[in-house]
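What follows is a single structure, written as structure tokens, with notes after it.
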Amino acid sequence: MDLYQSHRKEMIGIALALAAVGAGTAYYFYLHRKPKGCLDSENFVEFKLVKRTQLSHNVASFKFALPTPNSVLGLPIGQHMSCRGKDAAGDEVVKAYTPTTLDSDIGYFELVIKMYPQGRMSHHFRELKEGDYLAVKGPKGRFKYEPGQVRAFGMLAGGTGITPMFQVARAILENPKDKTKISLIYANVTYDDILLKDQLDGLARTYPDQFSVYYVLNQPPESWDGGVGFVSQEMIQAHCPAPAPDVKVLRCGPPPMNKAMAAHLQALGYTPAMQFQF
């Protein structure tokens with residue numbers, strides 16, 4: 001009987017140990033399994049606007065709820081998505097936007113939108129109210145980022161072209177294992193046109209050894225201590241990493257700016273492999 005009980009206890013112990021291992025394994029996969037994103041690359045999916053915050057006379061942030069509080073959007077770093085709406089004439093319009101949020105921001109995503117007087121999609125966002133839905137499709141884009149793929153990024157942004165730069169910068173800086181350095185030059189017409197300035201300045205304060213931002217204004221205020229005019233070769237030389245195989249300069253802005261920046265970079269010795277235009 002003692003032998004039977006001893007053997008029974010041993011078997012129970014093994015069963016409990018196996019159960020514990022199984023539970024631990026399941027818990028590990030639960031913690032480390034990447035949640036499935038909510039985006040669909042083939043079909044538009046609608047998301048509810050839960051908060052609209054006016055940031056200036058023509059800029060607002062739009063916060064959209066995902067299906068559950070634990071859902072993630074599923075947008076790879078540096079990629080964008082197509083948003084569908086209607087213009088002032090009631091015709092359908094589709095335009096690409098990059099959220100300012102990451103998949104670490106669970107349960108929602110945010111867009112910061114500058115609404116132009118004649119912009120067709122701008123009209124849709126001007127009319128969008130809390131409780132309305134936005135149709136979105138994605139992800140889209142050629143940019144693929146992996147931590148540590150370069151030693152340093154230079155970033156040349158103009159106007160609303162800051163949004164993909166901000167997304168990439170956040171992803172790098174909020175990853176303790178990613179030591180990539182970022183040097184951003186951000187150009188606008190006036191001081192009030194600068195988007196995400198508080199957030200960018202916050203990143204510069206929090207990560208002073210890894211992130212820097214240099215603002216350039218075409219029409220600066222009197223007490224302005226940043227760049228003046230258009231982004232020049234001299235500004236790029238002073239504020240961006242020098243050309244090297246482990247350096248890449250990202251560009252995103254209005255077409256005339258992108259064209260001018262490409263010419264500046266070529267003249268400074270940045271090869272096509274060292275550049276990327278969103």
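Glycine is no exception: its Cβ is also placed from the backbone N, Cα and C atoms.
Annotations in TrEMBL come from automatic prediction, not curation.
Record features (TrEMBL):
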- 12-31: transmembrane segment (TRANSMEM)
- 42-146: domain 'FAD-binding FR-type' (DOMAIN)
- TYR97, VAL112, LYS114, MET121, SER122, THR163: FAD binding site (BINDING)
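Within 8 Å of the Cβ centroid of the FAD site, not counting the listed residues TYR97, VAL112, LYS114, MET121, SER122, THR163, the chain contributes LYS95, LEU111, ILE113, MET115, PHE125, THR160. Each residue of the domain 'FAD-binding FR-type' (42-146) gets a DSSP state, and the totals for helix, strand and coil are 8 helix, 48 strand, 49 coil. The average pLDDT computed for the domain 'FAD-binding FR-type' (42-146) is 95. Counted within 10 Å of its Cβ, the other Cβ atoms near TYR97 (FAD binding site) come to 21, all protein chains included. Around SER122 (FAD binding site), the same-chain residues at least 6 positions away in sequence with a Cβ under 8 Å from its Cβ are ILE113, LYS114, MET115, TYR116. With a cut-off of 8 Å between CB atoms and residues at least 6 apart in sequence, the same chain places LEU55, VAL59, ALA60, SER61, PHE62, THR100, THR163, LEU195, LEU196 near VAL112 (FAD binding site), listed in sequence order. Taking a C-beta cut-off of under 8 angstroms and a sequence separation of 6 or more, MET121 (FAD binding site) has the following same-chain neighbours: CYS83, GLY85, ASP87, VAL93, VAL94, LYS95. Those residues noted as binding FAD (TYR97, VAL112, LYS114, MET121, SER122, THR163) have their most widely separated CA atoms at a distance of 17 Å. All protein chains considered, the CB of LYS114 (FAD binding site) has 17 other CB atoms within 10 Å. Within 10 Å of the C-beta atom of THR163 (FAD binding site) sit 23 other C-beta atoms, taking all shown protein chains into account.
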